[in-house]
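Before any comments, here is the structure.
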Amino acid sequence: MLHIRRCQHLKLITKTFVSLIHFKASRHVKLILPRTFAFKELRKSWFSIHSLLGDKNIILMGPPGSGKTTVGKIIGQKLGCSFIDVDDDILETTWNMTVAEKLKDVGNEQFLEEEGKALLNFSASGTVISLSGSNPMHDATMQHVKKNGIIVFLDVPVTDIIDRLNLVKIDRIVGQNSGMPLKEILQYRRQFYKKWYDVRIFCEDGASAEVIADKVFDAVKRYQDVDSETFISTRYKSKHPAEGISPKHFSDAVIEGLASDGGLFVPQKEFPKLSCVEWKSLVGATYVERAQIILERCIHPVDIPAFKLGEMIETAYGENFACSKIAPIRHLSGNQFILELFHGPTGSFKDLSLQLMPHMFAHCIPRTCNYLILVATSGDTGSAVLNGFSRLSSSDKQRIAAVTFFPENGVSDFQKEQIIGSQKENGWAVGVKSDFDFCQTAVKKMFNDSDFTGFLTIEYGTTLSSANSINWGRLLPQVIYHASAYLDLVNQGFISFGNPVDVCIPTGNFGNILAAVYAKMMGIPIRKFICASNQNHVLTDFIKTGHYDLRKRKLVQTFSPSIDILKSSNLERHLHFVTDRDGKLMTKLFQQLENQQHFQLERIIVEKLQQDFVADWCSEENCLAAINSTYHTSGYILDPHTAVAKVVADRVQDKACPVILASTAHYSKFAPVIMQALRIKEINQTSSSQLCLLSSYNALPPAHEALLERIKQRDPKYHVCAPDVNILKDHIETLIQSHFMKVF
């Protein structure tokens, strides 16, 4: 289906005439050119516009004062094609009166209908068209023009528009005569602009019309070139492409999850970058607005159209989050700031991705296929995956289900209860009598077992995919909150844009800290990435020495179970980057890790890694001490993972700039550890009693209401399996039979 969508997107039907084109010699003299002249003009400009437009129109959309007419004329001149201003060349020609006169004559509502009717009788090809500011408020009109055009939204901040309109006397804005303030009129219209555009152009204050026109050219070229943004496996051998899998599109990477050669998908080209001015324009924006801009740059519109992406983002970061800021940042003390990533429905940073990723996944997959999501969890991912996929539409839940494998005795009691309690009609929890590394390895083995995956496809019409951070669709949304945290520091006046910050992140599977690296690639000035480990400090040792060594190393259960990980999957993505995309080397290193349990980087690569990364680890004793001291000095309760980050930041950060500590979970999920750290005697209580007791302390952050509600629910049944991949395979087959076969 994806192939068909791409073919439809590329298909250009050459037309040999323009059915109707209106020109104006001036703003007051009307001229209608005959078809023969229009045909000659089309032939004349054909060769200059065909490569960019074909038979498509470039349709400029935006509020009054956004510069559509000026920009459109420049584009038309550069392409050597016709330019049409809807207000001047269609509406006034059709009505034989000015737009202002028509608006005064018929009123706001009737004007929209008359305006829409006039445009429904118009068609053109290979033309630059400037819509009126109110055209997008008429659905039938926009559906008509969108059939043969690429709609480009000139997104100018409302305050800039008001400043521009105040310089000239404007009397033809729909709603202007109702007494509604101009600012409210413009803000109201944004919902319609967001509904229709294919590409958005950020029009920063002071940018010339020529600069905006160039941006339109680049955006349209990107839109037309569906192969401009592809993904490769970290084990892709660029010098010998025939030896590896071919590049994939975003949709393919999301659907497949793991590359068939065992590698992870990464962008084939550099990460998109926002300019300093563009970032500054987002300082006062909401989290949803920032997410839309960032993801539009990272996801090609043929994979997920901009309006659809916007709907997903608003759904994901809407009522499901307890805090309207989604991921607020709070000053802790000195130069340290807490990035609170636990306001989602399951109380961990995984919600920031897993409330969005299921909607992207459902959009990307073929409608005729069933998909089973396999997930290994070290604690928080399991409940976040089950919660996220349970929020899909009823029809999507019939064809998409999720299974999460967790170490039966390797997560906190509350995490276990939460994972089990998150089971829904399309999601199940499976306890495994082993550790997280076994669960993660088992999932990868099942993905790479072509006999098993082929059997599921042929026998049950079901394909396997992932929602761990090995899946690009799961990792990408994490970039947003790292960028947003920096912008919030600027907005709150702690720093000026351009001042560097450090980030300190409790790290196990390397996904969270890698997302911060990607935020830096997009233009956020992060100086150092501080990797904070617990007693399972294989990553810290690796960053310090370049030697990844699992020999004689046994996983230790700690107070911070979500980073109790020895095999860090996402590290491969970063090593692929620092080795200049050497897929052959990645294959060698990670096959060596699998077979010999260790590998050593060359010194030059280690030095390159250490330019941006520093690392250290925290003992259990120091973790408890950090929770205790932070509470008594600031009234703030850290969860054990955040405490690990604070201990490491205190030790290695030089205080030359602010440091953002990623708070990856709400402390309520680890009540026994918190009570031990705060020396609360009533430690041997039920989970519900412990949470209620902690919430009575009135500490910061406040109690997590969704977690308090969770303890009131009865836990459903769940399965426990031996650490045997074949047993897990049998269980998966049983679940597929019970869900997907029942649907049919």
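Here the Cβ of each residue, glycine as well, is placed from N, Cα and C on the backbone.
Whatever TrEMBL says is automated annotation, not expert-curated.
Noted in TrEMBL for the protein shown:
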type	residues	note
DOMAIN	231-317	domain 'Threonine synthase N-terminal'
MOD_RES	Lys350	N6-(pyridoxal phosphate)lysine
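Regional average pLDDT for the domain 'Threonine synthase N-terminal' (231-317) in the model is 91.
Annotation for the residue listed as 'N6-(pyridoxal phosphate)lysine': spatial neighbours Gly344, Asp380, Thr381, Ala384, Val385, criterion Cβ-Cβ under 8 Å with sequence separation of six or more. The helix, strand and coil residue counts that DSSP assigns across the domain 'Threonine synthase N-terminal' (231-317) are 39 helix, 7 strand, 41 coil.
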